[in-house]
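Here the structure is laid out as structure tokens; the discussion comes afterwards.
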Amino acid sequence: MTWQQKIDDALTARRSADALRRRHAVVQGAGRWLSAGDRQYLNFSSNDYLGLSHHPQIICAWQQGAERFGVGSGGSGHVSGYSVAHQALEEELAQWLGYSRALLFISGFAANQAVIAALMAKDDRIVADRLSHASLLEAASLSPAQLRRFTHNNPEHLSRLLVAPTSGQQLVVTEGVFSMDGDSAPLVEIQRTAQQHRAWLLVDDAHGIGVTGDEGRGSCWQQQVKPELLVVTFGKGFGVSGAAILCSDSVAEYLLQFARHLIYSTSMPPAQAQALRAALAVIRSDEGRQRREKLASLIEHFRAGVDTTAFALAPSHSAIQPLIVGDNARALQLAETLRSQGCWASAIRPPTVPAGTARLRLTLTQAHEKQDIDRLLEVLHGAV
Ligand SMILES: *Cc1c(COP(=O)(O)O)cnc(C)c1O
């Protein structure tokens, strides 16, 4: 087989399974509206749950940060790229979430890769929820450690996998709010199970941080669980991008020595760290609470309005409201119909989700108004 054949075959297989992924160049993609070409759509596919991507104070913090620090950090944090802005953000995050330390990463993907690569060795075992994000499962399968997957949100199955003898350390991996399903992990039971087997727990709370819990402290705070490793990301509720790992002093020192994604990569721009500090201030404030409350009422308005004889609602009370339709072509067709009626939503298909569970992944944001949800419901019900 030639290179050309190898590539053509892979593309043909994707295309014939209605699984070809495409990008759309948008003019604006976060917040209430998505504009693409010369059209504007109601946006039901961004992760900007609190509508912070266009927040004037956060934009201003980024602009002023750029004027003060320049647009780039100039290097890895281990050389000259760790600024007082990064340091201040790390301290604020650690204090907010009740950890000794926070370490910043340029993305959640990098943070997950880094922590698993740095901590897990050949005799170790990773036991991950089957529906964990690709960045976690990919890191785990690249790792020399053994990977076992437990049935989604099932602590009993987790326990059965942890009980198998091992000579190394065990790491349990799950998410706070699941990215494609919107449901929450039973973190209390999962942590108890992990502790019974002296395993550490890593919770990736990409979709919970900022959005749930008192002061937006996320799923772990809400369930009163403190995992050894907490990953939070800033591309969703924070409306920006980047990530942090919250951990103990000694784990932070260890990661500074051994996390290659930190050592050999340019740190985020200091101006971005300033924008994140401004986003954190909004999230913690009364305004943040009001934004979360408005989002919660929009979510319940949507769920109450769905005709459940036509669509199966998922057990999700988060901003992620998937409508699982099963078939790839049907999911694509539904997304297409919505789009032609001015509502932008994504069809999510395998391998992003398990085979036979293609879905319309609808996301709501605080930037929506009630009439936007009503319009979505009207278009959805017209599409069956
Ligand atoms: C989005 C997401 C990530 C990746 O974070 P980025 O900052 O976008 O790289 C990691 N984990 C989960 C659960 C996510 O949803």
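Cβ atoms are placed via backbone N, Cα and C, with glycine included.
Note that the coordinates shown come from a computational prediction; the quantities given were computed from them, not determined experimentally.
The substrate site recorded in TrEMBL includes R21, H133, and the single candidate from T352, T357, T363, T365 that the record places there is T352. Among the candidates H78, H152, H207, H261, the one that TrEMBL lists alongside G108, F109, S179, T233 as binding pyridoxal 5'-phosphate is H207.
In this structure, the binding-site residues that sit close to ligand 1, with a C-beta under 6 angstroms from any of its atoms, are F109, H133, S179, T233, chosen from F109, H133, S179, T233, T352. Ranking the recorded positions R21, H133, K236 by the distance of their Cα atoms from the Cα of F109 (pyridoxal 5'-phosphate binding site) places H133 first. Take the CB of H207 (pyridoxal 5'-phosphate binding site) and look out to 10 A: across all protein chains shown you find 28 other CB atoms.
Around T233 (pyridoxal 5'-phosphate binding site), taking its Cβ as the centre, 27 other Cβ atoms fall within 10 Å, counting all chains. Looking only at Cα atoms, H133 (substrate binding site) sits nearest to S179 among the binding-site residues G108, S179, T233. Cβ neighbour count for T352 (substrate binding site): 17 (other Cβ atoms within 10 Å of its Cβ, all protein chains included). Within 8 Å of the Cβ centroid of the pyridoxal 5'-phosphate site, not counting the listed residues G108, F109, S179, H207, T233, the chain contributes H133, S135, D204, A206, V231, G235, K236, A243.
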